[in-house]
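Colleague: I have a structure I would like to understand better, so I am pasting it below and will then ask my questions one at a time.
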Amino acid sequence: MKYELVSGLETHVELSTKTKIFCSCSTKFGGEPNTHCCPVCLGFPGTLPKLNKKVVEYAIMAGLATNCEISNISKMDRKNYCYPDLPKAYQISQFDMPLCKNGYIDLSNGRRIRINRIHIEEDAGKLVHQGGNTYVDYNRGGVPLIEIVTEPDFRSSDEVREYVEKLQLTMKFIGVSDCKMQEGSMRCDVNISVRPVGSEEYGTRTEIKNMNSITFMTKAIDYEYTRQIDVLENGGKITQETLRYNESDGTTSSMRNKEDADDYRYFRDPDLVNIHVTDEEVEAIRRALPELPEVKRVRYISQFGLPEADALQLTKSRAIAEFFEAASDGVKNPKTVANCIIGQIFRRMENDDAKEKFEVSIPASYLKDLVLLLDSGKIRMNLLKSTLDQMLDSGKPATEFLSESDLSGVDTGDLKKFCEDAVAANPNAVADYRAGKEKALKALLGSVMKASRGRADALEVERILIELIS
Amino acid sequence: MVTHEDVLKIARLSKLQIREDELEAFTKDMDEIINFANTINQAAVESSDFDHINRLENVFREDVVEPSLPSEEILRNAESQEDGYFLVKKRG
Amino acid sequence: MEDYGKIKKLHDSLQKKEFSCEELTKTYIGAIEADNPALNAYVHTTPETALAAAREIDAKIARGETLDILEGIPMTLKDNISTTGIETTCGSKILEGYRPVFDATVWELLRRRGAVLLGKTNMDEFAMGSSNETSVYGGAWNPHSTAHVAGGSSGGVASAVAGNLAVYGLGSDTGGSIRQPASFCGIVGLKPTYGAVSRYGVVAYASSFDQVGPIATSVEDAALVYDALAKQDPRDSTSRGARELACGTLKKDIKGMRIGFARQYFDGVRDEVREAVERSMQVYCELGAELVEIDLPQLSYALPVYYILSCAEASSNLGRFDGIRYGYKAKNYGDVNEMIAKTRSEGFGKEVKRRILLGTYVLSAGYYDAYYKKAQSLRGMLVQAFQSAFERCDVIAAPTVPMTAFERGKAAQNAVETYLTDICTVPVNIAGIPALSLPCGFDQKGLPIGLQLIGNSFCEATLLNAAYQFEQATRETVFRAAKMGVR
């Protein structure tokens with residue numbers, strides 16, 4: 001029998017607000033244990049939560065960026081479960097009235113992943129088990145999260161990968177999270193079941209919690225998919241359970257048994273009041289939302305005529321896209337700007353992280369001015385390249401490196417003289433060319449360009465050279 | 001009818017241990033209280049869902065950092081602590 | 001000294017230097033030493049800080065400064081109100097030794113106005129009880145007869161104030177915990193509208209019911225303290241503050257005020273209590289008020305609705321006591337999870353465990369709709385019922401408790417029977433509206449009977465005005481007699 005994967009994702013994304021969701025403690029990552037804490041986030045008796053406005057705003061931005069409806073009225077609920085990292089023994093979350101619902105993300109294969117809901121909630125603290133002792137650090141307790149819950153719409157681990165990457169890019173782009181999986185600011189719970197192809201019913205699902213690497217997540221899904229099929233093929237039954245993925249051997253194993261069935265006893269948190277968002281407020285947030293990476297990519301291709309690969313690279317982060325757009329504003333050929341960024345500026349970035357941050361020593365306007373010089377025929381491409389390198393080294397504008405004569409271009413008489421000199425100085429190359437070796441012309445061309453310090457138009461030079469030696 | 005099993009299950013969720021010699025008494029109490037609570041089932045409910053008791057909405061805080069409490073204050077009331085962590089020591 | 005208008009009189013004496021604040025404070029400290037063993041009202045006393053505060057105030061008086069009305073007045077707080085560095089134990093073993101690192105807003109408000117804190121007073125464990133006998137420190141006893149309880153859960157405050165071991169105190173009222181002990185002890189207790197007073201720093205029992213309010217020997221004192229407390233607090237999202245101050249309108253004429261009464265409030269009420277309340281309504285007639293009969297059939301569901309919802313919230317609120325960050329921690333355990341379960345099992349008393357179990361039960365899968373959700377709907381109905389009632393009247397008069405103070409040890413016998421004694425007090429907590437209790441007579445044993453006055457949301461001023469006029473009218477009969485036995 002042929003089986004297909006059915007998978008859904010719950011993604012926790014830490015919001016990059018300055019303060020926690022219910023108190024004014026900093027959300028900064030790291031720090032000595034229990035130094036970003038106060039009576040509120042530690043749940044001292046009698047303390048009360050107060051909702052951070054920015055959390056609501058960021059969650060709405062996330063909802064709009066994933067095509068969700070924003071609820072006019074939503075509320076906060078308590079999810080009750082006792083664990084030492086949860087100081088109040090309940091997590092303040094949203095149960096039946098989430099802030100955002102019914103969104104989607106479209107994949108490149110044309111399939112649509114439906115988002116059931118996005119809600120806001122608080123993170124828990126951290127436990128360290130050592131030598132039988134348990135150490136508790138509540139610095140992360142109360143850091144704001146959004147949980148993005150999809151329908152079981154994934155049919156392959158590749159789809160999961162693309163979705164997570166897209167989600168990551170979008171959240172970073174709109175500035176609500178840094179989505180660093182290795183620091184835990186983005187993590188996924190994935191549920192997996194299989195069913196015979198063509199079947200409409202869902203199989204029994206298992207859940208793998210707290211995946212914080214896309215690579216391991218796809219491996220885990222593939223492993224679990226094969227394992228479940230094996231079980232079914234051998235006449236077995238899938239047990240509904242929570243699994244852990246073992247990174248060392250690439251297998252999954254059971255985390256806890258069903259005896260402690262989750263019963264979270266959700267109810268409205270009486271310490272907090274309703275969140276009422278008007279349509280006008282939603283529209284204002286929508287208007288303030290930056291153009292999303294996908295929309296930008298399409299526009300770069302259609303409006304600027306960029307190849308898809310370039311468009312993709314330039315929309316890897318908002319910083320890159322904004323730089324590109326500012327630098328190509330009013331230039332004749334944005335592809336030149338794209339080339340400068342991808343070919344020269346990226347090369348100076350140490351890694352992907354730095355690329356995304358895109359901290360460039362020159363403002364975009366310097367690059368634009370440089371490209372405008374090319375557009376107006378005042379400089380040639382290779383001079384542009386060398387000048388850009390000097391600009392990037394020094395952080396100074398193009399005018400610092402281009403002399404009057406550079407900018408005045410090459411006069412036709414001079415150009416002819418350069419060509420004649422080159423022909424005279426390279427008899428071998430001339431002979432080769434005449435013997436049919438077209439490549440020999442390149443040597444002559446190089447010599448002319450050198451003499452003109454790169455200012456000459458290569459096509460024009462070629463034309464003159466051929467005229468001289470044919 | 002509230003059973004011993006019900007009480008034990010609820011106790012587990014509540015993180016309470018019920019000793020064997022307490023079980024009967026707790027079960028009886030729970031049964032009486034639940035019977036008493038059942039009287040609400042005679043009531044016809046006219047109104048729809050109840051909202052928050054004081055009907056406030058949109059009470060927010062601005063996203064401005066204020067100093068956290070020094071960790072010695074945070075840890076002051078803990079029975080056990082080490083290197084800034086709350087500690088649950090291995091026992092038994 | 002006469003109990004009526006005590007705060008104002010003490011204030012004037014301090015200002016006129018008839019005695020110093022230190023002398024006044026010492027008198028109360030001495031009274032506590034003498035009488036607290038019999039009353040068990042205080043569970044933690046703070047004589048040193050009280051005297052230090054008093055001396056500062058004396059220095060102020062010496063400099064010729066004008067005192068705030070509450071400045072230098074010795075008072076007390078129920079032991080569920082957080083006080084920096086001063087034990088706050090909620091009458092529970094699980095909070096033994098707990099010294100908060102912050103002040104409750106209500107205490108901060110009073111402290112800033114120069115209140116002199118004598119100590120923290122006894123209460124039913126986590127405010128769950130009607131006799132103060134669920135406290136790990138034992139009951140607080142009634143100054144009228146120490147063979148009887150002071151009531152609960154704010155029994156310690158009522159006992160201290162009635163026994164003149166404090167001028168006034170703050171209690172908390174979730175289902176009657178201010179009004180019932182005030183009634184038992186023959187003094188005045190006000191439960192404000194939900195949201196009038198901040199809950200920040202008050203250890204939660206049931207968050208959508210809890211309110212802090214004053215317990216005092218007269219309506220004027222209660223009004224003074226209420227005005228000081230009813231401020232919007234940025235730390236409590238559910239707080240609004242008072243709509244209007246109460247002190248200015250206390251003496252207003254109440255001619256034409258409509259006093260409502262519902263027969264449902266008198267079901268199962270003892271004859272002596274019923275008669276006293278009926279006589280009180282006569283007093284209102286004589287004062288020119290108009291009596292209006294109203295119908296509140298929904299009251300029959302009030303008790304189960306209250307217990308279902310308050311216990312549900314309590315089961316969640318009390319989850320945090322796990323021994324890790326504060327309070328009692330079990331000594332012998334295997335892993336962390338066992339430590340938590342043992343800490344809770346050893347740290348909580350029986351009544352608290354009962355209510356946690358009930359609350360967990362009504363919220364758990366399979367029971368939520370039948371209990372929690374249904375009770376919420378009925379809560380909505382009760383809110384509406386009171387709203388319509390207040391279209392026809394300004395204040396509702398009722399008994400506070402169907403009986404007078406219980407004998408020692410009699411309340412804690414049967415859970416449900418004890419719950420039934422809260423019948424007259426819980427409806428206002430369900431509806432979030434204000435109510436107060438003030439003395440209106442005595443039973444044959446000489447135990448006080450309380451008259452409950454219920455007002456519409458944020459109409460504390462009207463409520464206190466009605467109470468003040470009653471108190472003035474009965475000053476020579478009821479009120480003077482309500483003065484305490486012990487001192």
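Backbone N, Cα and C define each Cβ position, glycine as well.
TrEMBL: automatically predicted annotations, no manual curation.
From TrEMBL, here are the annotated features:
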DOMAIN    C:23-464  domain 'Amidase'
ACT_SITE  C:K78  active site, charge relay system
ACT_SITE  C:S153  active site, charge relay system
ACT_SITE  C:S177  active site, acyl-ester intermediate
Colleague: According to DSSP, does C:K78 (active site, charge relay system) fall in a helix, a strand, or coil?
Modeller: strand
Colleague: Do you know offhand how many angstrom separate C:S153 (active site, charge relay system) and the residue listed as 'active site, acyl-ester intermediate' by C-alpha?
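Modeller: Checking the Cα atoms of C:S153 (active site, charge relay system) and the residue listed as 'active site, acyl-ester intermediate' gives a distance of 5 Å.
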Colleague: Enumerate same-chain residues with a sequence separation of six or more from C:K78 (active site, charge relay system) and a Cβ-Cβ distance below 8 A; give 'none' if the list is empty.
Modeller: C:K120, C:T121, C:M123, C:S154, C:G156, C:V157, C:G169, C:L170, C:G171, C:S172
Colleague: Using Cβ-Cβ distances, find the residues under 8 Å from the residue listed as 'active site, acyl-ester intermediate' that belong to the same chain and are at least 6 apart in sequence, listing them in sequence order.
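Modeller: Those within reach of the residue listed as 'active site, acyl-ester intermediate', by Cβ under 8 Å and sequence separation of 6 or more, are C:M123, C:D124, C:A127, C:G152, C:S153, C:S154, C:G171.
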Colleague: Could you tell me the mean pLDDT over the domain 'Amidase' (C:23-464), as a whole number?
Modeller: 96
Colleague: Around the C-beta of C:S153 (active site, charge relay system), how many further C-beta atoms are within 10 angstroms, looking at every protein chain?
Modeller: 35
